[in-house]
Amino acid sequence: MPSDTTRSPATDAGWPPAALAMVAAATTLVSLGLMIGGLTETALAIPLAQYLCITVLLYSLALGMRPVPATVAWPWLALAAIVVTAFVAGILSDGVYRGSALRRLQIVVSYIALAPAVAWLAARRDGTRHAFVLALIAGPLLHIPLVLAAALFEDRLGYGPLLVINIPYFHVRLWGVVLAAALAATLGLMACRPPSRQAVGFAVTAVLSAALFWSGSRVGLLGLVAAILLLPLLTGRKGLGALPAFAAGLLLGILLSLPVPIPDPNLGFVENFMPAAEMPAAEMAALSPDAVLSGRLTLWVMTWEQILKAPLVGNGFEQFAFFHENARAPDIPIFWHPHNAVLQFLFDFGFVGGTALIVLLLALWIRALRLTLRHPEPARIAAHLALTALAAMSLVEGVLYYEATLLVVALCFGLTLGRPAAPGARA
């Protein structure tokens with residue numbers, strides 16, 4: 001059996017060629033749809049990340065990719081075949097938003113293709129995985145002044161689309177999800193350093209958490225809790241030494257978020273939490289679970305009832321908005337996803353394809369966990385904590401729906417599933 005640092009057809013990531021073919025097929029579908037008509041204008045909006053993905057794949061191919069034999073992982077191929085079959089059946093089962101479905105197919109396939117390319121690049125050169133993790137942390141840091149400018153000075157509410165200077169977040173709560181993933185990655189890097197060398201991690205935690213609390217993202221806090229709970233498993237007791245500095249950074253972040261104006265009542269975790277904390281106990285106890293979950297419980301019940309109406313093939317890919325538009329009360333806004341990844345998969349692809357996709361993602365997370373325990377390098381630990389935070393947040397938010405968060409998920413999967421680079425390896 002080859003070692004982790006020995007290249008062979010089985011260990012060298014050879015799936016980018018197939019992924020590139022999927023990207024090309026999806027792009028061709030969209031192009032044909034545009035020629036025949038019937039697609040919305042949004043189908044023309046191809047994100048920059050997709051071009052980046054294709055560029056990375058071509059780069060990896062130019063360096064001599066070798067294909068992985070199909071016999072190496074036939075169980076995975078069987079699961080993938082089920083998922084793809086259900087995927088296509090879901091798209092073809094309802095043509096109401098066919099243009100949107102084709103565009104969404106192209107987006108999702110592009111990010112699926114990005115993960116193996118990142119895994120392969122991380123294994124080609126020492127320090128690449130660490131550089132990717134630093135980029136994951138730096139991204140939302142660099143966007144802080146842009147988001148503040150969009151929300152405070154451009155007359156754009158934080159809960160609406162942030163389009164100034166092409167900020168890649170649909171709304172500021174989604175930015176909170178990316179901030180939480182960056183915070184989880186920061187915790188992973190801090191846990192691998194001695195307590196006496198936590199100054200930089202403390203400062204980064206303070207700034208990121210200030211932005212998180214300003215965004216009002218309760219979902220982000222859920223992701224942080226999941227990452228903290230997993231930390232002892234990945235690092236043992238020595239990693240817990242980073243928690244005091246991390247907690248102090250979170251506390252300072254709360255204080256830093258308070259002076260920043262809140263342009264929208266939905267923003268500001270502290271501003272929204274304080275009225276609830278001052279609520280009388282009897283009134284607090286009378287709150288329904290749906291009120292606590294911001295209407296998600298009602299949405300989940302409606303989604304489940306619709307899933308049971310089409311249990312085998314599902315309701316169709318990217319058809320949730322059409323269903324919710326007809327099922328909602330007149331005063332409720334239209335949702336594009338059910339704020340739960342499990343329900344989203346079952347809604348789109350039915351119990352057969354949806355369950356296969358859920359099992360596949362869970363198996364990939366478990367494999368990433370095993371690799372992280374086997375090769376506990378700081379960057380891999382950081383990426384796996386971020387991936388775990390994203391997994392927890394996907395149960396109450398559209399983490400696997402929006403492009404900004406899909407990009408982070410793809411990066412984390414690529415960084416955790418790739419084998420370690422050989423010492424001194426150079427691309």
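Including glycine, each Cβ sits where the backbone N, Cα and C put it.
Here is what TrEMBL records for this protein:
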- 204-357: domain 'O-antigen ligase-related' (DOMAIN)
- 15-36: transmembrane segment (TRANSMEM)
- 43-62: transmembrane segment (TRANSMEM)
- 74-93: transmembrane segment (TRANSMEM)
- 105-123: transmembrane segment (TRANSMEM)
- 129-153: transmembrane segment (TRANSMEM)
- 174-191: transmembrane segment (TRANSMEM)
- 211-234: transmembrane segment (TRANSMEM)
- 241-262: transmembrane segment (TRANSMEM)
- 345-366: transmembrane segment (TRANSMEM)
- 401-418: transmembrane segment (TRANSMEM)
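The transmembrane segment (241-262) makes contact with the transmembrane segment (174-191): 3 or more of their CB pairs lie within 8 A, with pairs spaced 6 or more apart in sequence. Taking every recorded stretch in 129-153, 174-191, 401-418 and counting its Cβ pairs under 8 Å to the transmembrane segment (211-234), the highest total belongs to 174-191. Highlighted: of the candidate stretches 105-123, 129-153, 174-191, 105-123 has the greatest count of Cβ pairs under 8 Å to the transmembrane segment (401-418).
For the transmembrane segment (174-191), the residues of the chain that approach it from at least six positions outside its boundaries are 133, 136-137, 139-141, 143, 147, 162, 198, 201, 204-205, 208-209, 211-212, 215-217, 219-221, 223-224, 227-228, 231, 234-235, 238-242, 245-246, 378-379, 381-386, 388-390, 393, 397-399, 402, 404-405, 408, 412, judged by C-beta separation under 8 angstroms. Here the domain 'O-antigen ligase-related' (204-357) returns a mean pLDDT of 80 for the predicted model.
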